[in-house]
Amino acid sequence: MTYSDRKHRRNHKTAPLLPQKDAAFSHSEAGFDGASFSGAVFNLSTTIVGAGIMALPATLKQLGAIPGLIVIILAAILTEKSIEMLLRFTRASKSASYSGLAGDAFGGFGRTLLQACIVINNLGTLVVYMIIIGDVLSGTSSDGVHYSGVTEEWFGQHWWNSRPNLLLLTTLLVFAPLISFKRVDSLRYTSALSVALAVVFVVITAGIVIVKFINGSIGMPRLLPKLIDQASFWKLFTTVPVLVTAYICHHNIHPIENELRDGSQMKSIVRTSIVLCSTLYIATSFFGFLLFGDHTLDDVLANFDGELGIPYSSLLNDVVRVSYVIHLMLVFPIVFFSLRLNMDGLFFPYAIPIAYDNRRFFSVTAALICLIFLGANCVPSIWDAFQFTGATATVSVGFIFPAAIVLRDTHGIATKRDRLVSSVMIFLEERDKVGFFGYLRFIVNCSFGDRSMFCTAQKNG
């Protein structure tokens, strides 16, 4: 364990959140012998496939089918490379966590900044998930118009299916038990179900496309982007935030790796998860765009709120919406896991591992779930929550920090290819024009200088 990890994050006691070589006690405890390959794949895949999958068909609407699918694949390759570099530099620094790696490269400030980015990203994401769950189940109102939710359509309006009450029931009966696990591997079965529900959406969408193709009511998808003027060209770049954040899972890489029975499998686990998620993304994007064409909405779930032109449209709409809500409920605890770890790291940097302190574990858990619940009930709309989260913190966690760590190269292991890929990742986020650019440029500038530049840049920013 590096000095940075020892100083900033607990002592050298064994814990479920540390690598297997330091966790013999935790693996023998309660019969736990380390996480399996399949369980890790499902947990990582669930981290990747969140709410963003529903925005992917709209990227094909903007880019056209061929460029859109190519870019989805390129985003997967770029993500796999960024995680590969992250794992390689983690082993070189002998760090036990992502924040420990950031601390090794940039000191305490870089470590704290990364933890803050993960907290902002995950907290905002979970608020968004809860808002979506409330909208789908209980309905939402906009400009004085009320859009009914699934439970209102089925049972009518009652006290128990009002938005606050439904979210409270969901929190107490679903979220509370799932976020009480101290090991991420304990979520492997719910993660497997979450991935299965994403497959259900693809199967339903593909089935509808096949039926409409047979009866001749579906047209050929647009293969290339529609470029009418300069404005339509620049509009193509609005897909960048969706694509570059579609595979973000970096905040859960280390928690999953630390519990593995065989840590050397992590690279294969990452590759398997990205291939699985890429397949889901490509199928969802293609069939969603093929089904709705130029009428595809930014959130394709909204397209499943009307007549689909086939028998049992209403039933299929309800199945899609309910399965999607259950999917989000099962994604929630896997994202919450790394949120709790990093929030604890921010407020208790010198304490023993949170898994060994029951009082702190349940106090932090209760405080976070209450904050998320209040946020979901008080934030006016999903877009306000997105603005709070920002693609800024997301791309910082997924691309900016890995690129900055490579360019900083404190252990002298970066190759020319690593530096090139890192520069591309920085460039893409600049094109994105969202975010945290003060902090991001500070990190990049530090890549070729000493650590004191980091604090100087922050002070002078």
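Quick reminder: no glycine exception, Cβ is built from N, Cα and C everywhere.
What you are looking at is a predicted structure, and each value in this text was computed from that prediction instead of being measured.
What TrEMBL lists as domain 'Amino acid transporter transmembrane' is 35-408. Per TrEMBL, transmembrane segment is recorded for 35-56, 62-79, 113-133, 164-181, 193-214, 234-253, 274-293, 322-341, 361-382, 388-407.
Within its own chain, the transmembrane segment (322-341) is flanked in space by residues 17, 43, 46-47, 49-51, 54, 97, 118-119, 122-123, 125-126, 129-130, 132-133, 136-137, 150, 170, 174-175, 178-179, 181, 184, 187, 190-191, 193-194, 197-198, 200-201, 251-252, 255, 301, 354, 364-365, 368-369, which lie at least six positions past its ends and keep a Cβ under 8 Å from the stretch. Only pairs six or more apart in sequence are counted, and the transmembrane segment (62-79) with the transmembrane segment (274-293) gives three or more Cβ pairs under 8 Å, enough to call it a contact. Comparison of 164-181, 234-253, 361-382 by number of C-beta pairs under 8 angstroms to the transmembrane segment (274-293) places 234-253 first.
Contact between the transmembrane segment (234-253) and the transmembrane segment (164-181) is not supported: fewer than 3 Cβ pairs lie under 8 Å, counting only residues 6 or more apart in sequence. Most Cβ pairs under 8 A with the transmembrane segment (193-214) among the ranges 35-56, 113-133, 164-181, 361-382 are made by 35-56. Distant neighbours of the transmembrane segment (361-382): 123, 126-128, 130-132, 134-135, 142, 163-164, 167-168, 171, 175-176, 179-180, 182, 336, 339-340, 343-344, 347, 354-355, 388; these residues of the same chain sit at least 6 beyond its ends, with a Cβ under 8 Å from one of its Cβ atoms.
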